[in-house]
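*Asks:* Straight from TrEMBL, here's the annotation block:
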type: BINDING; residues: 139, 140, 141, 142, 143, 144, 145, 146; note: ATP binding site
type: COILED; residues: 891-1074; note: coiled coil
type: COILED; residues: 1312-1412; note: coiled coil
type: COMPBIAS; residues: 576-589; note: compositional bias 'Polar residues'
type: COMPBIAS; residues: 1092-1106; note: compositional bias 'Polar residues'
type: COMPBIAS; residues: 1112-1123; note: compositional bias 'Basic and acidic residues'
type: COMPBIAS; residues: 1145-1171; note: compositional bias 'Basic and acidic residues'
type: DOMAIN; residues: 45-739; note: domain 'Myosin motor'
type: DOMAIN; residues: 1507-1783; note: domain 'Dilute'
type: REGION; residues: 575-610; note: region 'Disordered'
type: REGION; residues: 619-641; note: region 'Actin-binding'
type: REGION; residues: 1081-1123; note: region 'Disordered'
type: REGION; residues: 1145-1179; note: region 'Disordered'
């Protein structure tokens, strides 16, 4: 309310105006004259924490709770360390997993109050302080205790997870349905009221993951089993059983409707609205199964429960007053006995009798009907209590962990303070427990207050708080109520009345807290901390003793039903203080509710514990546990007694707030300094009250100076170390001063603004008047000027019109004349041109035909001559070659040859000189002839040309004259005809003109009407087309959007499945590693493996996978390593083969001698015709000698290498990849190559010798050269020779075309030029041939000499072998031949492998060059690499080495694959690669290796490499998956590898952007589409991991930077923080700001760019990052009332604009990232817009299309004014918004899914980088890879 009139001292009435607008006169109390309590400032109404209120009293607390509960629909509120939870009586969407994730990791004061915040605080303190925690949940029945405890446990289960795969958290949660079914029941106050107390300890390991739990229960309400009040029910499990009676497995239980059983129908309300008991039964059974209670035990439980129901229906008939009986074959008892497995007779007997034992004998006494009914009920209660304990035991066993418990969090769900019309023993125990808990609560609150004051060094003043120790002493002290009750129970004739008298005598008038009712002698009153409670003494003794007849228990123990006997196993074990375990916990958890029953025989000696005594002990143990933990309090409040949703009954709420100690907390806080501000927060809030000169650098001193001026009473505040402490009401006073200051400032601003606006309006009006005047005057002047212009224009128009008519007539006549002339002249000229053209073309055709015929004849003859010359010269060269080969053997002949050669050279020189002279004379003659010919031809041409011109002119003149005469006659005739036609046309035109004028007028009328109709139709068609296009466009847009959404959903579903698969795969890998670790534990005596076995395996198991290049050295190595004893069969075969070879050798030697003799005989004829057979034999012998020498060298080197390897016989040395092994391979390959080269060089040198001899023959040296001869020699058939001739002809033709441009008759000149060129060529070739011949002659002399020496040495060796004895000769020859054959075998194998490789390469080249084969026929021999040609001889000329043409492939050995993966993937450091090398280098290297494997057509190698690559990347990401650089690097490289596989796949769709060279690099053998899919899935997994890494890095920054930090300083004011310390909005060193977020975004972006990530992928990452930022910020905004203000909306919009600026700077505005921030932007706008009228509501509904209805309503509910100038949102306005949005179909979920990951796509991005240009840096350690 608001004061209407100032209050003066002595006024009895105060004039007030209420919030509703009604005026009220409030009368003061004449005695106390106390004024009504002051209200808090409007900005503090609805605060999260009640201790933040400036005025702390009951009305303020109640009003704050009511505003939050009714207006804002907020059920949770802090009150210091207590969480007040008001039961809303309806389901709220605030407990989902998204809410749990939002609260996880947050500070308690930063978020809105919630049970999850308390749970998070307990979890965090457990981890931080290494101290056990407790959450104490208390409240009345129906206040929501069980639900709160359940949600707290759900939070722990969700946040922590389990330490094993046993799903302990699910088991902990599964215990709730079981305990609710057997321990909860419907009462008048609550449909699911817990009728027992429980304390659940949730155990955690060292990593704070759930490992197990333990449950203790307290004081089960057993009486409910046998009695229920009106509108109440028994325990839920009984009704669940009755509802499931029709199930087949329950048929044997013989159950029926709940109304049939006495124990379930007494309350008259067997059904709860909205609850299906049959479904609940299913849930209960599922929970039992999850907790390990098998089906047999479950059926046993249900069997016992059904027996209890049937026991309740057992009836008794009275025989007399002291005895009763059960009818014969009573059906309920029969069913009970069948179910329990007991004898019917015994059970019926002991239900109606009891046994009395005295010192001497035992009596059986019948009992009355009432006693029998009570005994029956006591038995039912006892069975149920035992079953309850058994179930609790099994639940604890299921939740028990074998892992050592490191810490625990206890959740205490215990009954609150209860007071009814009739209060009995249960209420007494409940209130006793609450007294103990309240005492502990008060001490804890007092202790926290004291610690706060001491920490801040504030002078401590003793605060008087309520201490309920006297009440506790009254109950539990010596001679207290419980003590007297136990004593009365021990008395033989103890009764409730006698116990009541003892109470009166002991405590009445001696204890102020104990009273006696006026109207009763069987009741007593206790003044509890919450209220006075009257207890009725009736039933106290019976319930405390909890008596059950021993004989009935014995009958049950003798049952055949095994489970029933288990329940009573511990019946003999009487509980005593000495029988407890050291911890007391295990025993308590098993038998915490009821004591065990002692035998009657022991009753006189050793009494059992009573229920009260047992409860007191268990309560002491509970208090010890709670005192050893850090407590957290949840107080549940019941808002009304009618279970109406969101209805607040103030009186009931105040009662409960008093009862649960909330108001006591308020009072303790109000007694001291309840308001506390840090210096920085105080400065930020009240900076407006300071002047600039008052602001010092020391914030503390500045605040002190200000407070000393504002508050004169220094007792009203205290200065601590970090905070300022205020008394109650001082913050409100400061707020009033601040509001007054701001109001004055506002008035001043308004005054200035209004004056400025009025002046601006006046200036605008004045300017408008001047403008109007200017425009009017200008209009008048323009009108006059327009009149003058029109007059002048009329005169000009008349002048130009007249001139135009005359000029037009003249132009018509002139144009007609010109047209006639032009037509005539054109006709004449065309005829003349056509005639000249025909004659000219005929001459040209004749000329070309004659020239072509002559050239054809000449070329044909020339071709034949050249061909004959070539064939003849080739034949002569072959003969001369053979002759030279034979003569080369003897030195004397060679000398003769030299002498002959010198003579021949001299003769040749003379002949050349003679030819040169002849050539000169011929040249002179030719030049003379040419000059004469030129002069004559020029004269003839000029004469012919002149004659042609004169003839043509004459013909043209005559034709022209004839044509002109004919045209003149034609024109005369046409003139007469046109004159006559003109007359007729003029007459007809006049008629036609009249008709047409009439017709035109009619048509005009019709046309106008048609135009109107047409326009109307066009307009309709246009409108219809527009509507259709709009509708079609809308449909198209909607369909495309729907398709996009469906595609994204499908992609998201697939990627989520992929994410789940990767998670399961990682789990599988972990399990596999664990299994391998367990399996690989070494057994005793088997710690080492056989090294030889491992070396053999490593050496021989990979041979099937080895490449062709590695196969040869491996096979060469085998004989050296297998030098064991020689196989005898092989030896005999080789010996036989040697003898055959010797015979063959002998025959060859004889033939050689014979041929030598024959050669000597035919010496004289060698010059004319050398014999063919001798030349071939000589060639073969030379080849054999050369090969033998080379083979010896190879043998020596091989032996040396074998010795070296045998000396180092370690398997590591000879293993593939070892240094020695690589050296051996290199040497063998180099030696084999050198051997091939040497062979070919020797053979070609021999052939050159012969060719040189023939080349210098004096025959046919006119037009040939040595080069041509050698080329012709290489050609093997006529087709090649013809092809070469055609190529030579084409080259000659091309060169001839470049000469002087002559006419068609100059063929002779061309022939002459060709002869000159040929002569020059022959002359130069002859000179060069002479020089080369001299050089080669000297070289051949030296070589022949060396060959001769080698031949002599071989002959001597042969002679020595022949002189040896036969055995030694055989052995030596055998050794020699084995070596020779081995080498030959290796050579043949090498050649075979080379041929295979050549065939494969040629096949691939044929595929690539199939289209170009016609163009490359001539040059194909040059393009083939030397390694591909095996049998072709090579010229012995020194050819300079060209730069190698790389094919963009990398070759590696199969054994080096693990090293490749290790160096390139596992050990690679992304930072060094990203900075120094090209982006995506590992991907390019891997692809080039794949290309080489594809080139080799090795599918196994391709598969192995790709699999190793994928597994290697997964290992790296598993090992360093939390490093952003690593994940980004491998995402980029995986995408690049994927793009390379697409780009070079050979598919047309991916080859569009390739260069021709890149298309040549495409894969040829394998289609890797399936591996592309695997790589795509891997990239998706890496992307999702990257998003998770991003989220983990950004998560701590987002809320602080986007919400809490004041980017624009001074805009948002700081509100009073309350006890829960909020995160400060002022940036400290450790806090994150918006700049921190932007710096982190810059880091992310730069890293991704350095790694060469695709731009489209970067956009998707940025979009995901912005979505996470927006979602987390919005979620926190929706859960924080203190953030929902106008100024915070401005801060958010500024922060979002900074993020948009960052997007613009990085050119990422089209990435879709800005759109993800739209919900946050709209929420910020919603905080800033007006929220009053219907127009505002409509604007909000249209503006907030990205927010859901729940989010809009939540923001409006949370909106809190920071200053008095802002207004709260009215309830009516929120309802208007809800009505307008009720048709909107959106998600009911409140929070955005911050874990949502957009489906990622990888658009194809080809690379322009050429693979052959890529260099492998040495830093990668890939020296074993070679470029191909």
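Note that Cβ sites are derived from N, Cα and C of the backbone, with glycine treated the same way.
Each of these features: where is it, how hidden is it, and who are its neighbours?
*Replies:* The Cβ of residue 142 (ATP binding site) has 21 neighbouring Cβ atoms from other residues within 10 Å, across all protein chains displayed.
Residues 65, 69, 79, 81-89, 115, 118, 121-122, 125, 129, 131-140, 142-145, 148, 152, 189, 199, 216, 218, 410, 412, 416, 432-433, 436-437, 440-441, 444, 584-585, 588, 647-649, 652-653, 656-657, 660-662 of the same chain lie 6+ residues outside the region 'Actin-binding' (619-641) yet bring a C-beta within less than 8 angstroms of a C-beta in it.
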*Asks:* Please count the residues of the region 'Actin-binding' (619-641) that DSSP assigns to helix (H, G, I), strand (E, B) and coil.
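*Replies:* Across the region 'Actin-binding' (619-641), DSSP assigns the residues as follows: 9 helix, 8 strand, 6 coil.
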*Asks:* What number of additional C-beta atoms lies within 10 angstroms of the C-beta atom of residue 139 (ATP binding site)?
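*Replies:* Looking across every protein chain shown, the total is 27.
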*Asks:* So for residue 140 (ATP binding site), how many other CB atoms are inside 10 Å of its CB?
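*Replies:* By my count, 25.
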*Asks:* Within 8 Å of the Cβ centre of 139, 140, 141, 142, 143, 144, 145, 146, which other residues of the chain have their Cβ, at the recorded ATP site?
*Replies:* 87, 190, 193, 194, 416, 636, 638
*Asks:* Tell me which residues of the chain lie with their Cβ under 8 angstroms from that of residue 144 (ATP binding site), as long as they are six or more apart in sequence?
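*Replies:* In sequence order, 85, 87, 636, 638 meet the Cβ cut-off.
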*Asks:* For the coiled coil (1312-1412), what is the mean per-residue pLDDT, to the nearest integer?
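*Replies:* Here the mean pLDDT over the coiled coil (1312-1412) amounts to 71.
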*Asks:* How many other Cβ atoms sit within 10 Å of the Cβ of residue 146 (ATP binding site)?
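*Replies:* Other Cβ atoms found within 10 Å: 23.
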*Asks:* Once the chains shown are all counted, how many other Cβ atoms turn up within 10 Å of the Cβ of residue 141 (ATP binding site)?
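*Replies:* Result for residue 141 (ATP binding site): 21 neighbouring Cβ atoms inside 10 Å.
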*Asks:* Near residue 143 (ATP binding site), how many other Cβ atoms are within 10 Å of its Cβ?
*Replies:* 25
